[in-house]
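The block underneath contains the structure these notes are about, expressed in structure tokens.
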């Protein structure tokens, strides 16, 4: 009788654990990565393009991205819209390798300035304070990873004269920069490039 009672209690506990697990999987939530903006095919994803969103477990697909590190620095094979999940199968082959302490960010840069730089070059940012009397903080060691044309806008010469520049930097620099990017309070600074392709080409031209 005691054995039957013992097995009965174990069976009830097993059913309770099973029911609790199923209920948790259905009614619980999971943090997933979604897009903050519309993203075109081929665009390199940065921290500014994604955010974390908590959704019901029953809506979590098996292959969607759950961690920023799985998508930042990579591109998409297809266009995606704001608030879309990111299935791993649509992640493209293009990728920028980031170290564990590196962050990928983007800025808008005047087209004329962008003509002076190439992928791999270093730039700096002047972070502009609200108080115009204060000297801007200069952040260096920003390495260009890509320069992208923006879709043309009708009757908007200001937007059409800019390009999107992605760069990588260490996380401590990024934490200083991001608040200014959100407020559009920054100015790109083109630095003299060491052994740049442009300088080499000019040197070769002068020797001919």
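Quick reminder: no glycine exception, Cβ is built from N, Cα and C everywhere.
Quantities reported herein were computed from a predicted structural model and do not represent experimental measurements.
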Range among 7-23, 24-40 that TrEMBL annotates as transmembrane segment
7-23
Using DSSP, tally how many residues of the domain 'SAF' (31-79) sit in helix, strand and coil.
9 helix, 17 strand, 23 coil
